[in-house]
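*Asks:* Could you have a look at this structure, given as structure tokens, before my questions?
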Amino acid sequence: MITLNTEKSFVELKHITKRFGNNTVIDDLNLAIPQGKMVTLLGPSGCGKTTVLRAVAGLEKPTEGQIFIDGEDVTERSIQQRDICMVFQSYALFPHMSLGENIGYGLKMLGRPKAEINQRVKEALALVDLEGFEDRYVDQISGGQQQRVALARALILKPKVLLFDEPLSNLDANLRRSMREKIRELQQQFNITSLYVTHDQSEAFAVSDMVLVMNKGKIMQLGAPQELYRQPASRFMASFMGDANIFPATFTADSVNIYGYLIPRPQGFAAGLSESTVGIRPEAITLSHQGEESQRCTITQVAYMGPQYEVQVDWHGQSMLLQVNATQLQPNPGDSYYLQIHPYGMFVLSEQ
């Protein structure tokens, strides 16, 4: 069982397998999520992350395994019996209802008094910065506002577990940024145990306590965002979590040797390691006009990205990607520089 820490588990998935015919989309997955944590499922298309979410919701029954919420086995229960709310990519709002009616619909189905519903709708709208929008309709508000209404509709029911199925994928970049901040703020404010699915790495990092990366139905790595980026467990993880330059290296007690260039050995590298493959993040490499011959490189491609350039260099016959601050240097193809590799952006890779 993969757990986030020593806290008591609130949502548990035990040996979950899901097959569609001969196709196994979840392969013996185990996970335990503590109360109040936000965990994001991240991975390439078809990795099984949405199927995991649907299984927790009760929309997809596992072929094998059990799902527990707050200590109770809910594997055979419907979504209505699990005390769960789900925020969808498509918002799933009723166009013939006002926003207030949309948000209060769940309470109405539970038979709550009208006065209570009206009051809680006002409170929910205030939470998502839409005070006074009760009487508007879906076609009168923007996509970002529609997603806020969908979030308010989920929060008003005070569920034990909140699920998010790629909720920001239909929004533009600026709206995605503000909306993910609002989601994280409210999740922490109400301490709701949450499971979030996205294919966007930056979104996963911004909203999550922990990120679980999947590939081909299996867990590749689970950890805090910084851990996954700085200490990827495999080649797949190194490449999936961002750009990585990968080179063979040898080690001494105090240095890492790559093509004769000696770099101070980072803290945390295993003792006794003599040779391996290392990954280097692009932001850990800088260019200089001075250095040793082993550091000399030639620029082959330059792409302007606004605040920075993405630069490809040829180094000892190998291509390397790095980032250059646009206010400090203006690189051009054919220019010769000396590169410097900073230990903080280096990690040892397994051969997976």
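If you go along the chain as it appears here, the first residue is 1 and each next one adds 1.
Here the Cβ of each residue, glycine as well, is placed from N, Cα and C on the backbone.
Bear in mind that the values here come from a model prediction, so they are computed numbers and not experimental data.
For G43, P44, S45, G46, C47, G48, K49, T50, the entry in Swiss-Prot reads ATP binding site. Positions annotated as domain 'ABC transporter' by Swiss-Prot: 11-241.
In the displayed structure, how are the listed features positioned relative to their neighbours?
*Replies:* Here P44 (ATP binding site) comes close to H199, N215, F240: these same-chain residues lie at least six apart in sequence, with C-beta atoms under 8 angstroms from its C-beta.
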*Asks:* Around C47 (ATP binding site), how many other C-beta atoms are within 10 angstroms of its C-beta?
*Replies:* 21
*Asks:* Taking every residue in the domain 'ABC transporter' (11-241), what is their average pLDDT?
*Replies:* 95
*Asks:* Which has the fewest other Cβ atoms within 10 Å: G43, G46, G48, the binding-site residues listed?
*Replies:* G46
